[in-house]
Structures are given as structure tokens and as C-alpha cells.
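**Student:** So that we are looking at the same thing, I have put the structure below in C-alpha cells.
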């Protein structure tokens, strides 16, 4: 039997590893020793593998591991820490706690005065993340996947080859999964822009900022603004238009903007940063607000101790010397791939954020695995279907969405929309749910409310299967839940 | 708000006409009742979830409808308003108290997440009960308003049949009214059973009818029973910090998947609920200090045990509320064993124009949403020209087998209807249990995929996730039709609903695996299930 990643026992209770006693987490138990493949053969000065993966994020690791399970000799090149960007929704949970704390009184808990200590959660989170890094490292070692530390760059050798720290590696199949990094404006566009941080820097903060300004209208901006505000930082969210999440369904976009404001986040609409200056008490942010039909107004926000840019992500494709092989990118540097993750160069593939499509961890993982099956199991039609990918935004309350939006479907639609109170005493948080049907088939579900994150997954299966309104009507509700509203829409 | 209040006053005003003259007038009309001249097109007996859904649907279809509802006080004297078991003494108050208990757990987690909360945080039962009761009362009021808006007549009277088209209602003060209708729906539900043979049970014990309406904390509590009602009550009582013991005769959650059931009780035990297994109570006595002394027999050792408690809660099953209906006057047949009403697939009783829905019916899952759906479909068949039958057997119809008429299913899960047990760690399920799948299809034809996972929110406070487990029961033959799904973990209800829809549509294992996960949630574990039991591999989920 081939080694399988599930044989790594990580969180399992009460069992201590025989191979690595006392190490954290409790055990590293491997039931089936993988076949020992021996050291990789040398071809001149070039080390050769069956599969080379550049980037040790979720997508790259998943693909390398699946390839190794299928018998390929694989290596992962990583310049940083394993695990990539997918780490940090722990913070969201913390903020959720603060919401529950407000309700404690209603449920009979007395004298529950909550103050928040940022350091505690930061230490916990760092410990969790570094544990994950260790887990990844161990998983790769156990699966006999080589880890090559350093920056990878393509060479101009006739056979696709990469160079890492002066050494050359080659493989018939090379996957680029280097991910992306948050973008921030250039000093020439906004003087003082470098005084701000990005989402990467956010997770490095040592203290909870007392005055925060978040710039951006995407899901990262919304999530971070929600976290900071819920934890007690005075937070402003600066957006260029009048709503956040503009690529989402219009109902979600409108509702999420309102919910942010209800939660105490100051939403600065039609606003852009003009200049950032360092002062003795933090930074001073100058902005211009240009409401359509009115004259632009300049204002400043002083004493800001956290200015955070959340204005998009740039692909990590620059240092790879893609031009040596002529690998095509778009003008932002995203590698262009087809539906099978092929680049324009044979034997070179790309998955995840570096391609700029559906920047979600499970998408990268799924695409990476599908690719491994295609390359090493001869499953020629193995590819990820990018339609109907469910997405959750961990805003407060969370948003769940799958399928097409109203803007996309403006004609030929049949909307069942309703607004109601979730079964949750005295919080009066509105939950919004909307479904779109196209000739009675469900093509889109959009919702915001408590529990919508856990709610969506099952419905995504049904949407993918082509469920109809009749199927929803025929499904018995689970009472009392918030999700039953979706099968009782009338 | 003001408009609603005015509407309610309107309702109250309308029903204050209870004078002998008017009542006599109605009686006069009823006595000569023949087809076309009866008072109502539809009379619904019982204002619970099923009855109200049926009445509202019929009214929406333009029919003249009346609802009669009356709550006989419990032996402890607890009484409540319109809306039935679910609203007043079931799902709604239960889930709210469950939420109160979950909050307690979150307060204990809070310091790990950086919140400086002085521990322990005491809990005030009185405050919780008042908040929950206020919510329930607002629902009672909402139901009244809805009936009024749809022009459904509501009578707060206790109903009994006079003949097959006529019902006599007796109000609290003893005043009587006769109502006649072309179609009559019985939806009186059920009430908790008392073990009458146990000395002191009725005098000193309470049931789920009372627990949510207690003014004072029940204190140290003994819960007798192994049903989901027993486990849910014990779960939230433990969660708000009360010393709680569950006494069960045999297995927990009979009819549900037994592997999941034992994980549920294992989790409860590890969180402080005591379990007395294989025990049956024999006597309850009140001690001079007001405490209750319970004597029980341990059936494995044959020894007798005793303990003292402040409260004894019986959760030993429910009985249909059919006694005072005078069903024999209308000729409606009931099951001699259970006293539940016998119906066919159209919900019709032995009298063709008298129907029954919900918990009062033999062989139906005792669940609010099934009663609601059955009530609504019935009204659509009667008045909307529909022929859609309620499908009580969601999964076996896909798997090629239907329940035979009259074949009783004691618990919801075995009939495939999605449901969730709100124990401290929630258990959501839809479709067949593993045992049921094996007995229907044979061990060789069934593949079970499973996983032990750790919810992300458990990692920071270092919560034990030993019982967080999910399994999917499939046919082995490709494309591996999904027969059942069982999920144990936080938010199980929200997780299960969507999958219930997928399974209802005939989802296969392959289709579930083709769905992209939502990261990081607990529900994504379901679309990541790769380890089958047959493989013998460790089902523990690793990493991101």
C-alpha cells in the first residue's frame, strides 16, 4: 500500500509516538513505512526528480504529497516557512468571542467584564502556526519528499531547470505554487505609504492598536477591520466607492457595509489616502473624500498606530526568471494557465494565488491534487472545476456565498429573498439569505449571518449537483437552526 | 411595535364575545350541519407547529379555517400559550438554554484568547429563564397575530368530538361551543410520560414540560431516560454548572447511529455529566429538608443504590394527547398499544375527512419540521389541487426500499429525516445509521468514510477534540450513493442541513468529493473524507 498522509497521527488523543517520544504534538505515528526511494540520481551537476514544486504553501504541499503517494519522487523548494499564507483565522475566533461576551448577560452569566489582552492570543497563535510549520515539515520528511531551502529561479538550460542556492535541479514536471503577497502602494503614488503595514504585518503586531485605519474593500480588509473593531480598537475602513465587497452579490455588499457600521467601524466612503506622515504619536493619514456630485474634501486622521493596506495581492512571480523559459504572465505578473493548470511551456504548471484565480486555500489544494493525479496517475481529464466554488468571508457576522450573483444574472431570474431574526436572543443581528434560480435550478446562494460559514458547505454540494427549488422544498428542515431557513424559503 | 400591539388587542377584542347568546347561535348552526352549511371548511385541533402550518396554508388558499388549542397544565401546574411543544417546552427554549451552556464554555476559553475574565463566572438561572420565557412569549404572541392576519379563527378551548363533523369546545370557565367543519385535522401532539408505577414519580418529579419554566434553578438534578430529550436537558444543566446525573436503563439515543451515540455520551461524561447506566429507579421520597431521595436498582449487579437530588426530571418518552378527544364518537381508530392515531399516506384516519399529523400519529418522526411540512402538504392537497404526498422516508426511496405501511420507526434518524441533537457537542445526522445501512444492504455493499478532526477554534484553548468525528455511510458500488451522514461537532445543525439537501437529491460520494472545501470550517471535513473504515487506516485529520 502506498503511504498516505492520513497515517500521520497529529492530534490524536492519548497516544505517544514510538518514533519520536515526547515531541509536540503528542505523537508522530506512521503506520506504514513508505518505500525507501534512496538518494536522487545525479545527472551531471543537475539533481533530477520526477516532480519539482516551487513554493511550500498549501497548494504546493498538497500537490507534492499527492504525487509522492502516487509514487513520484518529489521535491519542494521553499525560501521561507512551510505552510504559506493560510494560517490565521484564529484571530477571527477571538473576535467572535467578544460578541458572545456581550450576550453573556442575556443568558444569565453575571459579572462578566471582559478586557482583552492581545499578547496572550498572539502567543497562542504563533505557537499554533509554528506547530503547523513543524507538522508540514515532518509530513514531508515522512513522505520522503525532499525540501530544498532557498530561492528558485529558472535557468536557460534546454531542459526546464531551476537553480537554488547555486545548485541546479530538474524534473519533467515543474509546478509553480509560489503564491502571492499583499500589495501596498508605492511611495511615488502616496508619500509615506511605507509607514503602513499589510496583512502579513498585521499578524506580527505585538499590541492591539488603539487607532486603526484599514484601506481596501476586499474580504481581507473587511475581516481585519471586523477583528480590530471587535477587540476594541477604534477602526476606520477606507474604501474608494460606497460599498465593500463589490464583487460579491449586491445584497451582501450592501448588508456587509451596514453591519460594519453597526459594529462601530467608521466606513470612510469615496475616500483615498493622499499622504501619510510620521508624528510623535503614530502616523497622520491625509485623505480626500470625493462624494459624486460634491467637491472633494481633504481631511486628516491623526494618532493612527496601525495603518493597514489591504488593496489586493501581487503574485510572487518576479524572482523566478520566468522570461528565461518564456512563461507567459499577464500585466500584473500572474502566470497564465489553462483549465488543466498548464502554462504555455510544456512540463511547467502553476496553481494557486500565483495564477490570480480564486485566491482560496482549498482551491489551490484541490487544483494541486488534481494536477498530481493527471501527471502521475495518467488521469488525463483530472482538473478542478472552477465553477460553484463556495466562499466564506469571516466578517461579523460571516458571509457565505456560492454560485452566480445578481449582477451576473440580471435577466431571467426568480429571487426568493428574505430577512429574519436568527434564533439568538437580544442580539438582533439580521441574517440575510438569497437564492437565485435559473429555470428552477439553483445557481447562486448568498447569505450573511451567524453560522453561515458552517452552513454553506452542504448547500455547495447541492448547488454543484444542480439542485432545484423543488429539491429544497422537499428537504425536511432541521429545527431550530438558522440553515433551515434555506429549505423553508417560500 | 405599536401596530402589532394594536393588532393583538384586536385579536383579544374579537374573542371576547364569549356570551351565551353568541355561543348558542353557533351551536344552532352546528346542529343542523350538513355539507356546505358547516361553520368551517377546515377545523384544526391543536395549535402546535403542524396544526398552525396546516391552518395557515389552508387560509392562504382562501378557505374558512378555525384552530382550537388548549394547554392542560402539567402535573406541576406549568402552563403556556399558543404554539405547541416546540415553541413552549421543546426545541426553542431547549436550544436557547443549550446556547447559555455553550456560552459558559466560551467564557472558559476566553482567557486563552486574550480576554481577561475573572473565573469562575457564576450563572443566574432566574435571569436566563426570564430571557428565554420572554422570547417564548413573543413567539406565542406572533402566532396569534399571524392567525389573525390570515383570518383564521382561534379558540382557546379543549376539544372533543361530538360526531364525525362536529367538535365540542370547553373553555377554561366551563363555557361550551360547538364547531362543525367539512375537514378536521387532529394535531394535538404529545406530552411527556410519567412512570406512574414508580412511587413518588408523579408527586415529586418534573418533566420537560416544566424544566424551561422553573422560576428557580433546579439545583442538583437527576435526569431519567436515554432519549435525546434526556441528554439535551442533562447537557445544558451540566453546562450552566449544575451537578447533573443521567440514569439510563440500556443504550443512549436508541434508533440513532450507536457509534455516534456513544461518542455523544463519552463527551458529556468527560465534561462533568454523571451517568448511571443499567439502572432503573424504584422510588422517590421527599426528605424533611425538601431534598428528593431516589432509590434505584442496578440491573447488572442487582444491587440497590440511593442518592439525593433537588430535582428529578423524567425523560422517559412521550404519550399522544388523544384521551380527551372522544375519538370513538367520530370513529377514528387508534393503535391499541400506543394510543396514537392510525393514518394512511395521505394522513387520512379511518374516517376519510378526518386527518392527523405530527406527534399524535403512529409511526411518524416526532419532529417539528416534519409536522410542518406534512401540515402544509395536507392543506395543499385538500384545497390547492395538489397531489404531493409527504415523503417520510427520504433515503430509502433513493436506495430502492420503502417503509411498509404501519411499519413503526421509533426514532427520527432511522427514517432518514435530517435532525440534530443539541447535546453540548452537537450531533447532526441525515439518512441511515451505519447499523441500518448494513442491515438493509449487507456489510459487503456498504462503505463508511470517516474522520476524527479538530475544530480550529478548539486549538487555541487546547480543548479536547477526541469526540469530534464525522462519518459518511455510502453504497460501495460506484458512484457510491450516500446513504447517511453523521456529524459530531460544533454547529452540527448548520452543517447538516445543506448536506441533507444534497443527499435528498441523490448525492454520491464522488459528487461530495468534487465539491471544494470552505476553509477553515468544520463542515469542510465532510468534503475531505478519504479514509474508509474498511481500509483500516487512521482516520485522524492532519494539518491544513
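Heads up, the Cβ atoms here are built off N, Cα and C, so glycines get one too.
A TrEMBL annotation is a machine prediction, not a hand-curated record.
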**Student:** According to TrEMBL, A:216, A:217, A:218, A:219, A:220, A:221, A:222, A:223 bind NAD(+); which one of A:312, A:319, A:326, A:333 is listed for that same site?
**Tutor:** A:312
**Student:** Using a Cβ cut-off of under 8 Å to chain B, which of the recorded positions A:216, A:220, A:312, A:353, A:479 qualify?
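**Tutor:** Going by the Cβ criterion (under 8 Å to chain B), the qualifying recorded positions are A:479.
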**Student:** Using a 10 Å cut-off on Cβ-Cβ distances across all protein chains shown, tell me which of the binding-site residues (A:216, A:218, A:312) has the largest neighbour count.
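**Tutor:** Most Cβ neighbours within 10 Å: A:216.
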**Student:** If you take the centroid of the Cβ atoms of A:216, A:217, A:218, A:219, A:220, A:221, A:222, A:223, A:312, the listed NAD(+) site, which other residues of that chain have their Cβ within 8 Å of it?
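**Tutor:** Apart from the listed residues, the neighbours are A:224, A:244, A:245, A:310.
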**Student:** Tell me, if you would, which residue among A:220, A:222 (binding-site residues) has the fewest other CB atoms within 10 Å in the structure shown?
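**Tutor:** If we count Cβ atoms within 10 Å for the binding-site residues A:220, A:222, the smallest count is at A:220.
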**Student:** Residue A:353 (FAD binding site) to residue A:218 (NAD(+) binding site): how many Å between their Cα atoms?
**Tutor:** 15
**Student:** Determine, to the nearest whole angstrom, how far the Cα atom of residue A:312 (NAD(+) binding site) is from the Cα atom of residue A:479 (active site, proton acceptor).
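**Tutor:** So the alpha carbons of residue A:312 (NAD(+) binding site) and residue A:479 (active site, proton acceptor) sit roughly 40 Å from each other.
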**Student:** Of A:216, A:218, A:220, A:222, which is closest to residue A:479 (active site, proton acceptor) if I measure between C-alpha atoms? They're all binding-site residues.
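**Tutor:** So, spelling it out, the nearest of the binding-site residues is A:222.
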**Student:** Just how spread out is the NAD(+) site if you go by the largest Cα to Cα distance in Å among A:216, A:217, A:218, A:219, A:220, A:221, A:222, A:223, A:312?
**Tutor:** 14
